[in-house]
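Notes to accompany the following structure.
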Amino acid sequence: MKILIINSGSSSIKFQLMEMPSETLICSGLVERIGSNDAIINYKTNLDELRITKSIGTHSEGLNMIVELLQDADKGVINNTKEISIVGHRVVHGGNSFSNTTLITPEVKDNIQEYATLAPLHNPGNLEGIFVCEEIFPLAKQVAIFDTAFHRSIPDYAKRYAVPNELYEKHKIQVYGFHGTSHQYVSEKAITYLGMDASKIITIHLGNGCSMTAVKNGKSIDTSLGFTPSNGLVMGTRSGDIDHAIIFHLVNNLKYSLDEVKTLLTNKSGMLGLTGHMDLRDIEAKAEKGNRECQLALDINAYRIKKYIGAYVAALNGLDAIVFTAGIGENSSMIRKLVCAEMDVFGIYLEDSKNNIRSKDIREINTADSPVKILVIPTNEELEIAKQAFALVN
Ligand code: ADP
């Protein structure tokens, strides 16, 4: 049975076509920089690898481009769209409505739309992906896998905000957490790698969106993104934690409108706000050439992660391993080094030579005598989605 996995981010669409239950990867790819004139499409099969740069304005254009490639006479892997039995969609915010993977119905789409106010960078793109796929693959089962589901195990004392009870009881204002499929996937891999059933792990997902999760015995007990995917770590364009009184100051004294504040903190802050770049590769390259603004942004970013490690060691009452994952976590030896520097109080000791090795495999980058393992584990949200979608439909 062929399952197409669609993981549409704010400006990207990752896709994988898999044969299940054998977990055989048929092809994979990524459309990056959607909304720009120089969007990049990467497409990979067992035989071919292809990179195209072209203007792609919307997620819909990106998805149609993917479908063209899948059916391409030369490099394609299917004869027609009917061969795809399931389309599994990553959906960022499922609120309290969805604790499990679910078949997409009109009601589910309404719910995803409703939660778009809480995940404005993601749920609209996710929903657009669903609408386009329903048209392109009318016979396939459309399944949604929610980023919030893994964090349903967070205890009340960690998921509640100290605001009047009514806001929780009537309006469900609480920590939901995100990147659940990624934290679940890498923490399961880490547990297998460590060979420990009882384990205390901190998973650090650093992509365009960034979050950390404290995972105790395989379950999420706290996470850095909260009610929306806004707070916690410094992200590509999002500020992460700020004093909320800054918002009142911007509105009352600096005369920003609420929409302007939202755009400022969601789309113009984070690494972009600090440096003018959102791609960490650009920032690292400038910092290496002595650009102080870029170096400071990297230091701010790493310092925030360190503080969350400290907090989560307290939440877990110990630590067996930290796991770096996603675009930055897997590839940036510079960020990993900054995060792990002077963390001996927690038993975290990085081995530089191991940190500098590039690999797609799970790897350990701590010193031989480091009490805490430092692992780099490539995330595979798509495989996690495929497994859950297949299990649901069958
Ligand atoms: P998303 O959150 O959209 O899924 P990814 O997990 O793909 O994002 O991560 C995207 C981020 O990874 C970008 O900021 C990019 O700069 C960063 N990245 C990718 N490759 C590298 C690299 N070799 N070095 C540093 N950063 C990288």
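Just so it is clear, glycine is given a Cβ too, placed from its N, Cα and C backbone atoms.
Bear in mind that TrEMBL entries carry predicted annotations, made automatically and left uncurated.
Keep in mind it's a predicted model, so treat the numbers as computed, not measured.
The active site, proton donor/acceptor annotation in TrEMBL covers ASP147. In this structure, ASP147 (active site, proton donor/acceptor) belongs to neither helix nor strand by DSSP; it is coil. Long-range neighbours of ASP147 (active site, proton donor/acceptor) (same chain, six or more residues apart, CB within less than 8 Å of its CB): ARG90, VAL91, VAL92, HIS93, GLY94, GLY177, PHE178, HIS179, GLY180, THR181.
Listed in sequence order, ASN7, LYS14, ARG90, THR181, SER182, TYR185 are the same-chain residues at least 6 apart in sequence whose CB falls under 8 Å from the CB of GLU381 (Mg(2+) binding site). Residues or ranges marked as Mg(2+) binding site in TrEMBL: ASN7, GLU381.
Within its own chain, ILE328 (ATP binding site) has LEU206, GLY207, CYS210, LEU280, ILE335 as residues 6 or more apart in sequence whose C-beta sits under 8 angstroms from its own. Taken from TrEMBL, the feature ATP binding site covers LYS14, HIS205, LEU206, GLY207, ASN208, GLY209, ASP279, LEU280, ARG281, GLY327, ILE328, GLY329, GLU330, ASN331.
The feature substrate binding site is assigned by TrEMBL to ARG90. Cβ neighbours within 10 Å of ARG90 (substrate binding site), excluding its own Cβ and spanning all shown chains: 25.
In the three-state DSSP reading, HIS179 (site 'Transition state stabilizer') counts as coil. Residues or ranges marked as site 'Transition state stabilizer' in TrEMBL: HIS179 (among others).
Counting only residues at least six positions away in the same chain, the Cβ atoms of LEU121, GLY209, PRO229, SER230, LEU265, THR266, SER269, GLY270 sit under 8 Å from the Cβ of ARG238 (site 'Transition state stabilizer'). Classification of ARG238 (site 'Transition state stabilizer') by DSSP places it in coil, neither helical nor stranded. Under the heading site 'Transition state stabilizer', TrEMBL lists ARG238 (among others).
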Neighbourhood of GLU330 (ATP binding site) by C-beta distance under 8 A, where only residues 6 or more apart in the same chain count: PHE324, VAL376, ILE377, PRO378, THR379
Structural state of ASP279 (ATP binding site), classified by DSSP into three states: coil
Cβ neighbour count (within 10 Å, all chains shown) around ASP279 (ATP binding site): 17
Coarse DSSP state, helix versus strand versus coil, of ASN208 (ATP binding site): coil
